[in-house]
Structures are given as C-alpha cells and as structure tokens.
Amino acid sequence: MAIPITVLDCDLLLYGRGHRTLDRFKLDDVTDEYLMSMYGFPRQFIYFLVELLGASLSRPTQRSRAISPETQILAALGFYTSGSFQTRMGDAIGISQASMSRCVANVTEALVERASQFIHFPVDEAAVQSLKDEFYGLAGMPGVIGVADCIHVAIKAPNAEDLSYVNRKGLHSLNCLVVCDIRGALMTVETSWPGSLQDCAVLQRSSLTSQFETGMPKDSWLLGDSSFFLRSWLLTPLPIPETAAEYRYNRAHSATHSVIERTLQTLCCRFRCLDGSKGALQYSPEKCSHIILACCVLHNISLDHGMDVWSSPVPGPIDQPPEGEDEHMESLDLEADRIRQELILTHFS
C-alpha cells in the first residue's frame with residue numbers, strides 16, 4: 001500500500017501559518033490553452049491525476065501547511081515537460097524551486113508505485129490475437145505482439161570512479177529497454193540499466209528475457225533491430241538479405257519496428273526532461289530511473305484518456321550513442337534462425 005506523503009511549503013515564512021493546505025493556483029482560474037502550454041496536458045487529465053495520486057500526496061498535519069496534491073502534480077508535470085525548474089514555473093503555481101523539487105520527487109514515486117497498473121503485457125488470448133492482427137495489418141509481419149528498442153537518457157555523473165554509466169559517446173546515461181504495441185502504448189519498460197551496457201546485454205539481463213523464455217503464446221514474437229541478437233522469440237532484420245523474399249521480410253520488419261522508434265521520439269518530445277535539451281537529469285541513477293518510468297506511466301495514462309501519441313511534433317531521430325560493430329553480428333541460436341527462415345519462406349516468398 002502506498003504511504004501518503006506530505007510536502008511542506010518551503011515558503012512558509014513568507015506566508016505565515018493558517019490553512020493546512022496551500023491552494024495558490026486554481027485550475028478553474030486558467031484556460032485550457034494555458035494548461036497545455038505550461039504543463040503539457042489538458043484539464044481533465046490533470047483532474048484524473050489528482051484523483052489517482054491524491055491519497056499518496058496528502059496527509060493532515062498539525063505543524064505547518066502542506067502543498068496541495070493539485071499543486072504538486074502541476075509542479076511535476078511542469079518539470080517533466082520542460083526539463084528544468086524554471087523560476088516562472090514555480091511563480092506560476094506560487095512555490096519556490098526547492099518546493100518544486102520535492103513535489104517532483106513525491107509525484108514521481110507515486111507514479112512509479114502504480115507503474116504495473118498502467119504498463120503491462122496483455123494476458124488473455126483475445127488481446128494477444130488483437131495485437132497480432134493489428135501489427136499484421138500494418139506491414140504484413142505475422143505473429144508480432146510488440147516491438148522493442150533501447151534508448152539512452154543522459155544523467156549526471158554518479159561519481160568520478162564509476163564508469164559503468166559512461167556510454168560510447170563518453171557521456172553518462174541510463175540505457176532503457178522499451179516494448180510497445182502498435183498504438184505506442186508501452187508494455188514493458190526497464191529504466192535502470194547503466195549506459196555502458198550494449199542493447200543486447202540489457203536485453204539478456206532483463207526480466208523480459210526470463211518472461212519470454214519461460215513461456216509465451218505459440219507463434220508469437222517481438223521485433224528488435226540489429227542491436228539485439230536474434231532469438232526464438234525476438235526477430236531481427238537479416239544483416240545481408242540475398243533473395244527477394246528476404247528483402248520483403250526486411251522491409252516489413254523495418255516498417256513494423258518503426259512504431260517503437262516513433263514512440264520513443266514522441267516520448268522524448270513530450271517529456272523534455274528525457275531528451276537532454278536542458279542538460280542531463282541532475283539526480284542519482286536511481287532517481288533518474290524513477291523519473292523516466294514516471295514519464296512512461298504518464299504516456300500510457302494519456303493514451304488511455306484518448307490523447308494521440310503522435311500528436312506532438314517530432315523533430316527527428318533521437319541522438320543516441322553509436323552501435324558497435326559486434327551489435328550487427330548474428331547470434332548462433334540455430335532454432336531462432338530456423339524460425340526466421342521458416343517465416344520468410346511461408347509469408348514472404
């Protein structure tokens with residue numbers, strides 16, 4: 001059960017004691033356009049978050065006034081979507097930057113506690129078949145129930161001695177594994193892997209591998225790019241296609257896998273704290289991991305509320321560390337190779 005958290009107002013000396021909860025900012029006092037421009041989400045979505053997280057963000061206190069759940073959520077959304085603790089953001093809702101930082105921490109933890117509620121694979125056969133049908137309708141790739149990729153998110157250096165977070169560009173990052181469906185809804189998110197790990201190593205160590213190797217629906221698989229090794233449950237493109245059927249397979253694979261690429265671009269465009277445009281996340285790796293996951297939870301909640309995942313303008317490919325030559329090598333999984341060749345022969349010849 002989530003433990004309710006109270007954020008005490010750091011500006012108490014400026015405003016004195018009085019009512020137990022501070023409500024300097026009222027949603028009803030501003031326009032929908034203002035909320036979208038400042039916080040990135042519409043009014044009804046924010047009201048839903050207040051209802052969802054309110055119990056975790058509030059608790060009666062006799063000692064001082066607590067910042068309301070509504071204000072805490074606005075502070076967090078402002079940070080997630082802008083990537084910085086701007087003075088104007090705190091001024092808009094009437095709190096200091098120090099209070100904003102605490103609000104972000106508490107809202108982040110409240111969202112992380114609910115991650116499994118909003119990020120998960122479907123379990124019933126009808127839902128799995130629906131995934132297959134939708135992906136097949138996109139580019140003719142059969143049996144696909146999700147598309148996988150990794151994305152690096154820049155973080156500050158944990159300490160001078162720890163090189164595990166240094167990626168191939170010489171920058172500190174977390175390498176995050178993500179799987180989505182055709183709508184861009186996230187079904188698996190792992191955000192704690194250090195940036196020095198290659199994508200194939202992240203996948204090997206992930207819970208996703210144990211989940212799919214212990215059991216998955218028959219004739220079902222994920223699609224991954226050439227940074228992953230071919231597996232019996234994860235199909236990759238052919239490094240050197242030779243026949244017409246192999247070229248058709250690669251084209252269908254690329255068109256289908258582009259869903260996760262667009263989803264990650266949109267995620268970083270909506271949540272600018274992830275794209276590095278305002279600098280690396282200035283927290284410990286664990287807190288950075290939680291912030292990334294919180295943004296992913298918000299992404300899925302927004303889809304559940306009818307917001308279009310593709311509505312945000314996407315500037316272009318995400319700047320990521322280069323792939324190593326070894327990442328284009330095929331694995332020696334003979335069973336996986338047999339499955340892929342059989343698929344090509346059956347569906348693309």
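Just so it is clear, glycine is given a Cβ too, placed from its N, Cα and C backbone atoms.
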Looking at divalent metal cation binding as recorded in Swiss-Prot, which candidate out of Glu109, Glu113, Glu261 goes with Asp149, Asp199, Asp225?
Glu261
With every protein chain in view, what's the tally of Cβ atoms within 10 Å of the Cβ of Glu261 (divalent metal cation binding site), excluding that atom itself?
17
Around the divalent metal cation site formed by Asp149, Asp199, Asp225, Glu261, list the extra residues of the same chain whose Cβ is within 8 Å of the site's Cβ centroid.
Ala148, Cys150, Ile151, Gly224, Ser227, Phe228, His257, Ile260
Asp149, Asp199, Asp225: which of these binding-site residues has the highest Cβ count within 10 Å of its own Cβ?
Asp199
